[in-house]
Amino acid sequence: MLSEIAFYGALETGLIYGLVAFGIYISFRVLDFPDLTVDGSFPLGAAVSAILIIHGWNPWIATGAAVLAGMAAGSVTALLNVKLKILNLLASILTMIALYSVNLRVMGRPNVALLSEETVLTPWYDLGLAYHQVPVVLFLIVVLVALFLLWRFMKSETGLAMRATGANPRMARAQGIATGGMIVLGVALSNGLVGLAGALFAQSQGAADVTMGVGVIVIGLASLIGGEALITPSTVIRALMACVVGAIIYRLAIAFALNADVLGLQAQDLNLITAVLVTLAIVLPGVRNSVVSKFTRKKA
Amino acid sequence: MISADDLRLTFGKGTPLENPALRGMSLTVNQGEFVTVIGSNGAGKSTFLNALAGEVMVDSGQIVVDNQDVTRLPTYKRASRVARVFQDPLAGTCENLSIEENLALAIKRGQRRGLTTAVKKQYLGQFRESLASLKLGLENRLGDKMGLLSGGQRQAVSLLMASLTPSSILLLDEHTAALDPKTAAFVLELTKKIIEEQKLTALMVTHSMKQALDVGDRTVMLHQGQVVFDIAGKEREGLEVKDLLGLFEKQRGLEVDDDSLLLG
């Protein structure tokens, strides 16, 4: 039903979107800051890394630059909100729109091909793994490192202060936490992760494209919410695992839907399927609870 | 020591809803004093506390804590000197963080926060010991989410958090008002105990005249954004609620029509 290549492809994109889901977890869940900047910082990461790679930079340094670019974009959104008091959602939309122009400027054209360039993946092809397994192995390592670092950060004094900022800002201020600074740090971190995802995505797909960010926020949210439905995010580590599991399951679900000929779905139906899956992920846990409660009431 | 000098603050200036909340409020609280603050609704009690904490900025006047002018400092920069317990039991703690994480936040109040683990092993003994002093059995529930606790338990933990690190002043904003009478009595006793044991300087806003006279060693009444009387020592001893009302009427030459002041 699903070919091996399609399966590994789904894993690969799932892992990349796991990084996006980490970012969205920080903004939406930890900081309670609905941030749509990611639709712009994802292609920004791709654009920055792609343009540096074709100019002969080391791909890992190019990827690091993509992370910094993402963090800068996130800082702009957060500063618009914290300093200029613009509503968080609107601030992020402003940055997202601005980034469309920035991305075109960075690349100098709508897309940059990386097909014959050396990327972070290149050395890994010599390790004797099957061609389509290489990105999965590398990205799995990246995701696990990011997960570990984020988990340690959230448990640190600064991370705890960030969690308090999102959960109860008044209490956080009374404890001497500069909540504005925490929002800037958190949203920057979030978009840095999304920039990283964009850079890895461009290198594994062989191109950066100015339109590749459309809907990243929805896919990231779908991964986050779906993951939370499967793994109750009662602790930080569970919440982070939910991001990765949710992103992979989401990608696999999409791959199955597109591969199942009986459904008659095609690639252009992707966004429709996404919207349906997000709706189901939001609604289903509630339905399950109400079904369970009806059952128990009848019993009593 | 904390002193407020001629604080003035008007909400909604230039609008039909213009509301002068503070009209020349002055008060000095000395080291080790426990001052209770009373006043009817709209007297400016909460605004005064918010101004001291830094949650609202005054239009004019000066606030000095330990010889440092903090008038223009935001809340988080005053937090090393000013500790606070809110009226709403849900406001002082984070419900989705565990008890130990809430305490770990409080133990670093007003200090730099780094990248080391927040809940350090060396804190746990202190956390358990101070939680045990509440006699609520919370010392065995360090890992439980704060949201699992009742309002009274959360308020008790808030008090503990406020007293975990030294402060120049402890602000208590009607912190027993949202609790049932039995729990309120427990939290009030706990407040007296903590303030006495640690020799804290405290300012407690209360709605109950009886409470205002029963605890602390000085009572201040606010009316229309000003201090109308300020009694301490011998003058305050043996004073009853009706004496306080009489004092208030004599001072202002008007009738008290706020029933809530008579309650308790």
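Each residue, glycine too, has its Cβ placed from N, Cα and C.
Keep in mind that TrEMBL annotations are predicted by a computer and have not been checked by a curator.
Copied from TrEMBL, the annotated features are:
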{"type": "TRANSMEM", "residues": "A:6-28", "note": "transmembrane segment"}
{"type": "TRANSMEM", "residues": "A:63-82", "note": "transmembrane segment"}
{"type": "TRANSMEM", "residues": "A:89-108", "note": "transmembrane segment"}
{"type": "TRANSMEM", "residues": "A:128-153", "note": "transmembrane segment"}
{"type": "TRANSMEM", "residues": "A:174-201", "note": "transmembrane segment"}
{"type": "TRANSMEM", "residues": "A:207-227", "note": "transmembrane segment"}
{"type": "TRANSMEM", "residues": "A:239-258", "note": "transmembrane segment"}
{"type": "TRANSMEM", "residues": "A:270-291", "note": "transmembrane segment"}
Leading stretch by Cβ pairs under 8 Å, where the reference is the transmembrane segment (A:239-258) and the options are A:6-28, A:128-153, A:207-227: A:6-28
Top Cβ-contact partner of the transmembrane segment (A:207-227) among A:6-28, A:63-82, A:89-108, A:128-153, A:174-201 (pairs under 8 Å): A:6-28
Beyond the flanks of the transmembrane segment (A:6-28) by 6 or more, those residues with Cβ under 8 Å of it: 34-35, 38, 42, 132-133, 135-136, 139-140, 142-143, 146-147, 150, 186-187, 189-194, 196-197, 200-201, 204, 216-217, 219-221, 223-224, 227, 239-240, 243-244, 246-252, 254-255, 259
Chain residues outside the transmembrane segment (A:174-201) and at least six past its termini with a C-beta under 8 angstroms from it: 13, 16-17, 19-20, 22-24, 26-27, 30-31, 33, 35, 37-38, 41-49, 62-63, 66-75, 77-79, 81-83, 120, 139, 142, 146, 158, 161-162, 164-166, 208, 212-213, 216, 220
